[in-house]
Every structure is written in structure tokens, then in C-alpha cells.
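First the structure, in the form of C-alpha cells, and then the observations on it.
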Ligand SMILES: Nc1nc2c(ncn2[C@@H]2O[C@H](COP(=O)(O)OP(=O)(O)OP(=O)(O)O)[C@@H](O)[C@H]2O)c(=O)[nH]1
Ligand SMILES: [Zn+2]
């Protein structure tokens with residue numbers, strides 16, 4: 001059951017259904033004809049830094065936007081002082097329709113989905129091969145969130161100097177999810193960045209991963225030296241010593257960019273312990289299991305895939321898919337139902 005209690009966190013987007021018949025969200029009202037387009041790079045307690053042309057502009061959401069939150073990756077229209085000079089504040093008057101939305105909840109019982117990143121093309125799921133041990137169930141959850149939100153997933157397997165990738169690749173390579181394996185030595189030589197970069201060029205890629213998997217090390221190898229981890233401008237404005245690690249941060253990818261001169265973007269997100277999926281309709285979970293999905297053709301109507309008549313048991317018994325994958329799917333469905341995270 002979803003609850004819709006009072007909630008004030010600026011970064012949260014409430015899941016209350018939109019009322020129909022409203023003005024298209026992409027329209028700029030006549031009084032904002034002079035609005036400039038920008039992209040949200042960081043959000044920090046109601047202050048948003050936005051890239052407008054080549055300037056970093058600090059802005060606040062206009063009151064007229066109401067509760068609608070702008071998140072990292074959002075394309076926005078801004079008015080006011082767009083000089084990017086210190087102590088100036090612009091206003092965000094419009095948030096464009098999103099092309100993709102990476103959402104998570106704190107756990108499977110959390111009624112408030114957090115939109116972590118908007119408009120990302122890809123989701124890089126960073127997993128260490130050891131230290132910390134890989135957690136396939138977390139990978140599966142990230143895959144569900146990617147498919148549900150309209151992002152193409154890819155796997156980055158780090159720390160191959162500590163353990164081999166064979167076991168994980170046995171499961172995930174056949175799914176057609178692109179992957180790259182990196183080690184400490186390759187990171188130091190620069191080849192790791194080069195190979196990961198090849199998968200990111202011209203794209204907006206959100207990076208997620210359990211704390212300690214080497215996500216920051218990797219992201220820092222992909223972005224210009226002066227943009228690593230923190231942006232001085234944000235600190236000058238907020239007066240904080242460091243960028244908050246509780247929200248996402250968009251960083252430009254180094255390199256030549258594509259034909260249009262568009263560089264890719266890396267969106268670093270805070271390390272996660274779990275990835276709640278309370279917002280995902282159970283019937284959509286199966287899409288993150290493309291190895292099992294064909295086996296559902298003979299399922300009864302509206303099969304939950306966790307019931308006695310489910311056709312997946314026979315499909316797996318016939319050797320079409322790994323029984324461990326069916327176990328993972330059912331465990332994910334069951335923990336969602338019990339409103340627990342695993
Ligand atoms: N052996 C080995 N260690 C690595 C590798 N990559 C990163 N590390 C180490 O793993 C530790 C964690 O790396 P971070 O980059 O801080 O990990 P993170 O995922 O950003 O963690 P949080 O900041 O907690 O989210 C550091 O001590 C890194 O030096 C690797 O390829 N091999
Ligand atoms: Zn079924």
C-alpha cells in the first residue's frame with residue numbers, strides 16, 4: 001500500500017498520480033519567452049547548479065512549479081541572472097518532460113520514490129569482483145530499475161586483480177548486457193578508463209554501486225582533473241566544505257565528444273546498500289530477466305511468476321534457463337511482496 005502523507009524533502013518526487021487535462025509541461029509560458037535552456041548538474045537543499053551554455057548557473061525552483069522537483073539530469077528553462085557570477089541566483093521556470101527516470105526507494109516498503117537521475121541514457125552498474133563480495137541480487141535490482149526507467153544497463157566489474165569475473169559473466173553475459181572488467185593495474189595504466197569510456201561516449205550514464213566497489217576511483221578516472229568529486233562553484237555558493245554525498249552529481253566526460261560536439265556525462269550517485277523497488281509494478285520485474293521472459297509465453301493470464309501454475313518451472317526444468325535465475329526472480333518478487341529488501 002502506498003501512503004501519501006505529508007513529506008517535504010525537496011529531492012523526492014511524490015508518486016501521487018497527475019491530474020489529467022493539464023497544460024503540456026513542455027510549454028514555456030509567454031512571460032518566459034526569454035528563458036534559457038539548461039541541465040541540472042547538482043541539487044543541494046533547494047539550490048540547483050545548472051549548465052547554461054558553458055556557464056554554471058545557480059538557481060532555485062520558481063514557486064509556480066509547486067512540488068515538482070528538479071533532479072540531476074533534468075532539462076530546465078531558466079530566467080533571471082544567468083551570468084553565472086558569484087552570489088547570483090536564477091529561477092527555474094520549467095522542467096522538460098523526461099526521457100528516462102532512474103528511481104529508487106529506500107526499501108521496498110518506502111512509499112516515496114526518489115528520482116535519482118533524469119534523462120540518463122544508460123545505467124552503469126558497478127560491482128566489485130571481491131572486497132566487497134559481488135551481490136547478484138543487487139545487480140538484478142539495478143537491472144529492474146534500469147529497464148523500468150528506460151535506461152540501457154551496462155555492467156562494470158571492478159577489482160579483477162582480486163577475483164575473476166567468470167562466475168558473474170556466466171550469468172550476465174548471456175543476457176546481452178554490455179560489460180567491462182577492470183583491475184587496479186589497468187586503472188593505474190589508464191586502460192580501464194579508456195575501455196569504460198568507449199561505452200560512454202556521447203551518452204549520459206548514471207553510475208550506481210554498493211559502497212566501496214571503486215565507483216569514485218573509476219568516475220574520477222573518466223572526468224577532467226578539475227571536476228573530480230567536487231565543483232568549487234557549488235561550494236562557494238553553499239558554503240559547504242565538500243559536496244554532499246547524499247545526492248547525485250553530473251560530471252562531463254573527458255574526450256572529443258561525438259560529431260555534434262556533445263560530450264558524454266557521467267552521473268555519480270552515492271553508494272547504495274540496497275535498491276528499493278516499491279515503485280515498480282511486479283509485472284514489469286520480468287523484463288529484467290530476459291533469459292526467463294520467453295518462458296512466460298505459456299503462463300496463465302496475469303501470472304505473478306510466483307505461483308503453482310507458472311510456466312517458468314517447466315521452462316527451467318527443460319534446461320532453457322539456469323534454475324538459480326528463477327530463484328533470483330522469485331526471491332525478488334517475494335521480498336517486494338513482504339516489503340523487505342534483500
Ligand atoms: N584491488 C583493487 N582495489 C580497488 C580497485 N578500484 C578501487 N579500489 C579500492 O577500493 C576502495 C574503494 O574505492 P572507492 O572508489 O572509494 O569506492 P566507492 O565505490 O566510490 O565507495 P563509496 O565512496 O563508499 O561509495 C579504495 O580503497 C580503492 O583504492 C581495483 O580495481 N582493485
Ligand atoms: Zn509465470
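The backbone N, Cα and C atoms fix where each Cβ goes, glycine too.
Remember, TrEMBL labels are computer predictions, not curated facts.
Looking at the stretches 1-33, 34-66, the one that TrEMBL records under the feature region 'Disordered' is 1-33. DSSP assigns residue 213 (GTP binding site) to coil, not to a helix or a strand. Among the binding-site residues 158, 213, 217, 310, the residues whose Cβ sits under 6 Å from any atom of ligand 1 are 158, 213, 217. It is 43 Å from the Cα atom of residue 303 (Zn(2+) binding site) to that of residue 217 (GTP binding site). For residue 211 (GTP binding site), the spatially nearest entry among the binding-site residues 299, 305, 310 is 305, judged by CA separation.
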